[in-house]
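> After the structure tokens below, expect a handful of questions from me.
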Amino acid sequence: MPLLLLLAGLAVMAVLPLAVPWLQFTLTIALAKGLAALGVAVLLRAGLISIGHAMFFAIGAYATAFLMRDLAVTDFATLIVASTLISALSGLLFGAFLVRYRAIFFAMLNLAVSMVLFSLLAKLYGVTGGTDGIRVATPSVFGMALARPVFADVLYYGGLLLAGLVGFAVHRYLKSPLGAALSAIHTNEVRLEYLGVSAWSVLLVAYTLSATLAGLGGAIAAMAIGHVVPEFAFWTESGHIVLVAVLGGIGGVVGPFAGSIFLEVVQTLAVGFAADAWNLIIGLALIGVIFFLPRGLYGLMETRRRTSP
Amino acid sequence: MTTPLLKAENLQVAFAGVKAADGVNLEIAEGEFLAIIGPNGSGKTTFLNLCTGYIRPLAGEVFLDGRPITRLAPRTIARQGIARAFQIPQLFTDQRLIDNLMLAVAARRGIWDAFRPLDRRTHRDEAMQLLSMVGLEDVAEQSAATLPEGLRKLADIAIAFALKPRLLLLDEPTSGVSAIERFGLMETLMTALRQARVTALFVEHDMEVVERYADRVVVWDQGRVMADGKPDIVLKDPRVLQNVVGVA
């Protein structure tokens, strides 16, 4: 059933920009942040909250910018693959140290590392462009130079396809023995160790996966926006990603995407119609979800499935 | 002379100055059913913790098949063949009972499978066999959190059994199980242990259970082995009768 939900969601997402063209950019960013939120949701399965995951979003985004600027890589697919791999390696490296910690220590250490990265991105002007950031030109697609609006279509539908494939893979992972072991860390890590399973290894896989997802999201965002800035790694962005995951719900892979789309659309509408009060509107929306949908928007879908004949 | 399956040599542990193991020497032979009895706080569970790497001794060594395991992590010791069922059942309470067992089966077969589902035929069949062994097949689909204490205890034993261990450590296997079901459980457990040729060490307070099922009984008192021998002899020892059986 979650797969049907994923397919239905993808179908709606595919036709939505055709009906409301101005939504395409918003939805592209929602997909990018949804991927990062899915990464956070993976870790939430183990009961771990990362308040620093924007660093991997930023690593993916900056990897794209560096590859284009310094190595003259312009191909869309190469950029996506390489940026995602760089994020995965970063996740493996930081994760080897960070997954030793639990609860507030894990959350705060992630925050600390992300703020170090933010500072480096902001201060190393000669390398990172400092607070001005780096411009990301329009990539080519299989050797073809495309006009910006055409590339935006390719990025959106390519991103949608990637989100579908990644969502399916993560769904399989969460249902696998390795995914079950990840959830088991949340409930009884001692028993898991007594089953001969290394909780550290299980978490390292999850952390690397979550960094990979965030990095993929960052690469898509960099290409969509055409510019990367240190704020991508700022702690408020990390908070935003956690917010998206909680809002959407961690019960299934569709949840973080639903949360991301909801938040981006509400934010866009709120900025347009109530520029001074959009934070208030988002805060109220979040309070509403926490009070009435403790399992997030995905919980609402689950309830509907259970009550439908 | 054959190497004992498990050997503890001069184990010493103290908690805030209180000695929980004070020069413990103990050997368990392959195929033996050894019971440990003793008053509460005498160090019985501490001994299980030492054998499974949960705590490390101040001095002394634990050997499995002649190889030291004292400084190994619980997961490494589990992979070497020592499984444990706990005094307070350790289940994955946000999962169904069958999922608990399937995860235990998968842990033994290899957890590094990220794409095939946990809930598949091979895992489910073996998990159901284990649940049938302890009479829990009817509650397999229930959440582990909703099970009564006695059933959780049985589930915990089944999980330990899923590892197909060489040595099974059982911490009060019959506590929380009703008096009527106690001997039924032990009969089932002993049959399964014999069939699988698993050596067992169980901490127990029920002297009837000890007398009926243990090949050998070790009496613990203040972190020391007070007596060691056949149940029919040890349980008649006046010191044991006075200090342990009366208290237990």
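Residue numbering: from 1, along the chain as shown.
A Cβ is built for glycine as well, from the same backbone N, Cα and C atoms used for every other residue.
Annotations in TrEMBL come from automatic prediction, not curation.
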> Of the ranges A:7-27, A:154-174, which one does TrEMBL list as transmembrane segment?
A:154-174
> Please indicate, using numbers and ranges, the residues of the same chain that are 6 or more beyond the transmembrane segment (A:204-229) and have a C-beta under 8 Å from a C-beta there.
25, 28-29, 31-36, 38-40, 42-43, 45-46, 50, 53-54, 56-65, 76, 79-80, 83-84, 86-88, 90-92, 94-96, 98-99, 131-139, 151-152, 155, 159, 162, 166, 170, 173, 178, 182, 241
> Are the transmembrane segment (A:154-174) and the transmembrane segment (A:277-298) close, by which I mean at least 3 Cβ pairs under 8 Å that are 6+ residues apart in sequence?
no
